[in-house]
Amino acid sequence: MIINSQEYLQPPQWWNERVEAGNLLSISNGEQEPTNYLMTNVGNGYVAFVIGGESIYVGGVYNGPAINLGDANNLPSHRAGIPNFQNIEISNAQFQYAGLDIENATYTRVYSIPSSPGTIVKQIFYAHQKIRNILVQEIEVDNSNIETDVTLQLSVVGINLTANVDFNILNLTNTQFTGNDYQLYNLTIKVPEVNFMTSVAVTTTTIPQSITIKSGEKKKHHYVTSFLTNIETNDYIEGSLDIYKTTFLLADQLIKSHLDEWNKIWISGIEVGGDSHLQQVVNSSLYYLFSSIRDDWSYGMSPGGLASDGYNGHSFWDTETWMLPPILLLNPKLVRDCLLQYRINNLPGAHEKALSYKSNNYTGFMFPWESAFTGIEVCPTFAPTGILEQHITADIALAIRQYYYLTGDLDWLIDFGYKALKGIAEFWASRVEYDQLNQQYSINTIIPPDEYAVGVNNSVYTNVAVKMTFEWVIEVATLINDTENIPFEHWSSIANGLVILFDEVNQWHPEYQGYNGETIKQADVVLLGFPLMYNMSKEARKNDLIYYEAVTTNSGPAMTYSMHTVAWLELESLENATKQWFRSYNNCNNSPFLVWTETPTGGAVNFATGMGGFLQGLMFGYGGVRIHQGNLDFYPQLPEGTTSLKIRSMNYIGSTFNVGWNQTTITFEMLTFNPSVYLTLLSTEYDNIILNTLDPIYLTFGSKFQIYFNNNN
């Protein structure tokens with residue numbers, strides 16, 4: 001496209017207002033779109049792509065073997081890249097400005113036409129949120145004030161169907177399936193993870209070489225691409241074609257149903273007063289997370305989101321530890337039906353991994369460090385993490401606990417969660433080693449969250465997480481009267497007898513047995529205080545924080561600073577929290593579209609893990625939210641430079657409410673009620689207010705308060 005010009009169209013006032021409100025990220029006045037590395041994306045949790053990128057990704061579609069021996073010609077399991085049929089270029093147009101509309105989940109480019117001054121062209125991309133199987137592009141040409149016709153030159157760039165590294169592509173165009181207005185392809189991966197050969201049928205509008213708009217006319221052209229996999233149905237080819245035909249006939253109506261669906265998502269969110277940049281970071285982080293997952297497609301969440309092949313598109317502990325908690329407060333159904341259900345669906349793979357350690361006699365569910373389509377281990381064999389980083393199995397158990405404590409969803413816990421929990425406990429019972437002399441249990445030869453430490457013994461994070469896992473499983477068994485069907489005494493003995501390293505003299509936790517001040521990669525011991533909420537004195541919490549801040553590398557991921565922020569706020573040291581807080585979201589400031597990188601200098605792009613950590617710093621740090629059995633705690637504080645914060649439509653035990661605060665007042669507002677329970681607010685100012693009306697409750701800023709529930713009998 002033509003890009004050189006001395007004068008540029010200016011975005012309209014409404015556009016600038018949306019930028020200021022934090023709902024739109026924009027480039028204008030000669031700024032050019034960033035390279036693909038820092039470019040934004042559109043997605044709906046089923047399908048996604050980077051604008052201008054060569055590949056489209058469908059969740060759950062991977063190419064490459066589970067076991068990879070490091071052969072450069074034998075790519076490991078990774079997201080399979082579908083050619084980007086939506087990558088349409090208008091070659092005779094001049095780029096003017098563009099923006100990601102976060103609220104509407106659309107990306108818009110605006111052009112002028114040098115040969116037709118006054119003609120305005122808009123190119124709008126979106127992944128339809130309601131109809132998950134389609135991508136839509138609109139090219140709208142406003143030639144209404146021009147006295148001559150205008151012709152746009154179109155082409156699809158970057159398409160090479162014969163040299164695709166991930167798929168064998170069969171062109172079914174001009175067969176009995178299709179006509180001249182659209183094209184149909186059957187894409188089959190080249191190498192399966194194990195046995196199943198995933199195929200994707202793609203039906204896409206044929207892109208003309210040119211389109212002409214008559215003088216005085218304003219016209220919109222639609223280009224639709226539909227996807228359907230043999231994961232969903234055996235009739236995926238005919239199904240893709242049917243979806244395409246149906247939606248293309250309704251093309252003018254697609255944008256409305258897309259926006260309506262995103263309006264439902266944004267019922268819950270976070271509002272920031274006084275800092276428009278921070279509001280942009282918050283909204284864009286939520287957008288990138290929400291556009292990567294959906295509740296009717298349970299294929300996990302990768303550190304690089306759905307629009308990239310970062311980390312091969314695999315799911316790690318990042319899902320449960322970093323991304324899940326902020327999503328949980330806003331949309332617990334999404335957590336249950338996508339993130340947790342992904343783990344439940346893949347229990348056979350977790351069992352297979354446990355049994356693969358034949359000389360160790362492991363059993364139960366040992367979740368893989370890297371998981372893709374089947375749930376078996378897909379970490380490349382040259383990386384020790386796939387063998388030794390095992391805390392993920394405890395992390396998943398504690399994520400189930402978070403979900404249950406927040407929702408009280410006992411039916412799901414009984415029907416789905418409990419089976420996973422029992423298998424997790426069985427694994428750890430087979431994994432621990434008993435020291436008869438000291439009558440203690442150890443977990444040896446492990447990699448903790450600090451991945452610089454390889455093959456260490458008694459990682460304090462791992463052991464505390466495992467201890468809590470056993471306590472949680474026993475709690476559930478007691479709740480549902482199933483204690484006679486588990487080895488209650490043995491599991492209790494392990495929970496009480498695990499080695500938990502602690503220096504009584506200096507009141508701090510060594511990271512692992514023999515730790516002696518080595519540099520660490522990222523937050524590890526600090527995670528004992530949050531998210532694990534392990535019982536310790538304030539002195540120990542502070543000592544851990546001071547010690548490990550000093551030995552953490554400056555080139556690690558941003559989540560470290562989020563957790564340090566949470567810790568300092570918990571210790572009521574606002575000044576120290578502020579220093580860490582600004583570092584926690586520095587990794588997205590290199591892109592006009594606030595695309596995160598893993599570290600300050602680069603690494604994985606569209607780093608959803610960092611977004612999740614950042615949002616935790618806001619919600620669990622400055623919101624002071626803590627999820628306990630039977631209650632929620634709050635201790636609202638304000639980040640430097642802001643005038644107010646609000647968590648909108650937070651979910652708890654089937655009810656929803658707003659919690660907002662400024663420099664003088666905390667406002668609590670009920671929105672919807674679960675008729676089966678009643679909520680009560682307890683604070684130093686109010687004693688047990690039953691929350692049975694929509695009338696707001698006002699507390700003095702600086703107050704701590706608690707929401708707890710009782711069943712209506």
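A Cβ is built for glycine as well, from the same backbone N, Cα and C atoms used for every other residue.
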Which of the listed residues, N535, N589, has Swiss-Prot annotated as N-linked glycosylation site? N535
Of the recorded positions listed (D318, E451), the greatest number of other CB atoms within 10 A surrounds the CB of D318
Collapsed DSSP category at N361 (N-linked glycosylation site): coil
By Cα geometry, the one of the recorded positions (N171, N283, W317, N361, E451) nearest N662 (N-linked glycosylation site) is N283
N535 (N-linked glycosylation site) has its Cβ surrounded, within 10 angstroms, by a count of other Cβ atoms equal to 9
For N186 (N-linked glycosylation site), nearby residues of its own chain (Cβ under 8 Å, 6 or more apart in sequence): I169, L170, L172, S199, V200, A201, I237
By a 10 Å Cβ neighbour count, the lowest-scoring of the recorded positions N104, N171, N481, Q522 is N481
Near substrate: residues not in W317, D318, K521, Q522 with Cβ within 8 Å of the site Cβ centroid are F316, T321, W322, P449, E451, A523, P557, M559, T609
Among N160, N662, the glycosylation sites in question, whose Cβ has the most other Cβ atoms within 10 Å in this structure? N662
